[in-house]
Every structure is written in C-alpha cells, then in structure tokens.
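Visitor: First the structure, which I've put down as structure tokens, then a few questions once you've had a look.
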Amino acid sequence: MGTQAPNDQDSVPNKVDTRTAEEKAIDDWLPITSSRNAKWWYSAFHNVTAMVGAGVLGLPYAMAELGWGPGVTVLVISWIVTLYTLWQMVEMHEMVPGKRFDRYHELGQHAFGKKLGLYIVVPQQLIVEVGVNIVYMVTGGKSLQKFHNLVCKDCKSIKLTYFIMIYASVHFVLSHLPNFNSISGVSLAAAVMSLSYSTIAWAASVDKGVVKDVDYSYKATTTAGKVFNFFSALGDVAFAYAGHNVVLEIQATIPLHPRSLPKGLFDDNILITLEKPTWLIAMANLFVVIHVIGSYQIYAMPVFDMIETVLVKKLKFKPTRTLRFISRNVYVALTMFIGMTFPFFGGLLSFFGGFAFAPTTYFLPCIMWLAIYKPRKFSLSWFANWICIVLGLLLMILSPIGGLRQIILQAKAL
C-alpha cells in the first residue's frame, strides 16, 4: 500500500525534479508530502500529542498488576528501549544523502527491499494507527460520559455508545483538514491538555493517598489470573510508550535540516476511578477529550495518506475533495463502529500495546538498523539492538494473550 519514493525534490536544493506534472500534483495533494513549511516546534507538539497519550491513564492499573518492583523495572526498561529506538528512527530519516524517508514504510523498503519492506511495515503500522484510533474513540466517549456524570449527577444515565458517537462527530469535521500543518493548532491544544490531565491524574492520586479498608494486593486471586494480568499490564506499558509510528511522517513536514526533530485500585483508566475534587476531575476528563481529539488526527493522518495514495496512484482516482470526503468519512465511521462494538479501554490498550506497538516501537527500528548499518558482530550496538529485539518479541507474544483475555472477561460482564 502507498508505495512512493521519498519526495526529495521538495527539500534538497539544486536537485533536478524528475517527476511529471501529474506526479508532482499528486504529491502536493497527499497529506504527508503536501507541505514542507512546518516549524520545528510544530514537530515538537505533534510528537508530544502522539507520545504523551491516553496510554498513561492505564499505567496505575498496570502497576497494580505488575507490582512495585517489576512495575518500576518494566517502566525503566521501556523508557530506555523506546528512547533508543526513537533516536534510531531520527537518525535513519536522512541517513542517505539527498534522500528523505518520509514514511515508515519507505524506510522499511530501503532496509528490506521494495516489496518485502511494504509487507513487513505497512500491516504493522496500520494495526497501530487504526488500533490507536479505535482506543481513542473509546477513551473520548468514556471521558465525555465521566464528565457528564460528574457535572450532572441528577441527570438520566446515558449509554457509552452515544458518547462515543458524540466524540466521533468532531472527527467527521476535523478529518477533512488536509495535512499535518493544518492540524497544528489542534495538536498544540492536545499537547497542552495531555500534560495537564497527566499532572492532574498523579496529583489527585497522591492527594487521595492510601484508602482505608481497601485491599491493594493483586486483583486476581489465582496464579493463572495473576500471570495473565501481568501479561496484560505489559501491553498497557507498551501502549504508553508510543509515537514511533508517526515520527517520520511528522518529520517529513519540516524543511530539510540536520537534527531537526530532536529540537522539538484502580480502574483501567485512572481518571474514571477518581471522583474528588469533582470540578478538577471533571476538568481533567474534558482535557482528555480534547487531547484524544488531536491525537486521533495525528495517528489518522498517515492512514489517510496510505488510503489516498492507493486510491489515486493504484486505482487511478482523481485527487479531488469528493474522494477525500468519502474516504475519510468512511474511515472515521469504521473506527467509531468498532469502538462502539468493543468499548473496553483496558483490554484494547493491552492487546494493541503488545500486538502492534511492540514490533513498530521496540524492535522493528532495531532490525532496520542492523540491516542498514550492519554494526560489527558482538559490538555494543549489535548487542543493544539484539537485546531490544528479544525483549520486543517477548512483549509482542505475551501481552496480547493477557489483553485478549481481559476483553473476553469485560465482554462477559456487560
């Protein structure tokens, strides 16, 4: 899907543009390559919006299932591994003189070959981005429902399904903004909101303190339950350390410049658990809604780019507003429908965290680094990458098992 050579002509001075007028028009229409005029700080808050996501709301629940010792260890290891792989992604963006790998799959094609690179990267990236959008449909709906319940305690109860539809209605409008630059204002607001509600979540939890007559031991009572919950919690952590899937697409929006990107008892959702102070928790849930609106758009834009590339380049549709209107509305409607069908924040978080985020965040960058740079065998770089690959594979195998079990249990409880 979406095969396209890096659009170097827009960014490299004194290079002859070999594209036809039609090819240039298509590149100027597609979301990722339509603009190279973004400032580095646009990239900064796009990345904050993508990385400081709603996954952080599931970390307290994950810690409760992991335990303090293993939980802190997993968080620290995840931070080190994902920081390292993010650095690799940034380095590989402009690793070939005169070229820019503007899309994750373009880097994969350079590492593994034109066809194999697509087959390896595109399915995984799509699972991540579509999965995040589904999770954010559920998150936005749940946070709207929580806000409603807090500010209007005497009102009639409204089903979560309707709140998901209300949240989705915003995206039927915002999804028609053409590219990353056009959503920069939304992304800035989302970045501020993500930092705000994260601060409120931990501050309110500290203020609440230890509650009397509450059992803080593992939620499961059987050994099997504890093991499966542990696996599920690993997926929650993986989901919280996200952003790699859109980092190249975000960096593609700024002019070519070296090092441009670096400048820039719980419920499974902690803000659903907390109740007091009412005004603060209500505000925090509203912040979550605003954030996941922006974050949904950040993760949806590469999907829109893939869909529109296939429609225009493969199926030969004309690049029109009507085509964009129909394709993007269908996508929003699809994620809304799936979110309404499976409204399980925690289960979806852990399942997609392991099944999708582990490959693209924890070990696929390492495999590409080994394939492209070919570090000396048994060198520090070689060891570091293989350790990340092994840890990522274990995460990909184990956490979806726990996440799927959690979805089944939550579905039975409805």
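Every residue, even glycine, has its Cβ placed from backbone N, Cα and C.
According to TrEMBL, the protein has these features:
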- 1-20: region 'Disordered' (REGION)
- 1-12: compositional bias 'Polar residues' (COMPBIAS)
- 37-255: domain 'Amino acid transporter transmembrane' (DOMAIN)
- 40-59: transmembrane segment (TRANSMEM)
- 66-87: transmembrane segment (TRANSMEM)
- 116-139: transmembrane segment (TRANSMEM)
- 160-177: transmembrane segment (TRANSMEM)
- 183-206: transmembrane segment (TRANSMEM)
- 268-402: domain 'Amino acid transporter transmembrane' (DOMAIN)
- 279-304: transmembrane segment (TRANSMEM)
- 325-345: transmembrane segment (TRANSMEM)
- 351-371: transmembrane segment (TRANSMEM)
- 383-408: transmembrane segment (TRANSMEM)
Visitor: Which listed stretch (116-139, 160-177, 183-206, 351-371) has the most C-beta pairs under 8 A with the transmembrane segment (325-345)?
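Guide: Result: 160-177.
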Visitor: Quick one: do the transmembrane segment (279-304) and the transmembrane segment (66-87) reach 3+ CB pairs under 8 Å, ignoring pairs fewer than 6 apart in sequence?
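Guide: Checked: the transmembrane segment (279-304) vs the transmembrane segment (66-87), no contact.
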Visitor: Are there residues at least 6 beyond the ends of the transmembrane segment (351-371) whose Cβ is under 8 Å from a Cβ of it, and what are they?
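Guide: Residues 55, 81-82, 85-86, 88-89, 92, 104, 107-108, 111-112, 120-121, 124-125, 127-128, 131-132, 134-135, 231, 234-245, 381-382, 384-386, 388-389, 391-393, 395-400, 402-404, 406-407 contact the transmembrane segment (351-371) from elsewhere in the chain.
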Visitor: Using DSSP, what is the helix/strand/coil residue split across the domain 'Amino acid transporter transmembrane' (268-402)?
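Guide: Tallying H, G and I as helix, E and B as strand, the rest coil: 114 helix, 0 strand, 21 coil.
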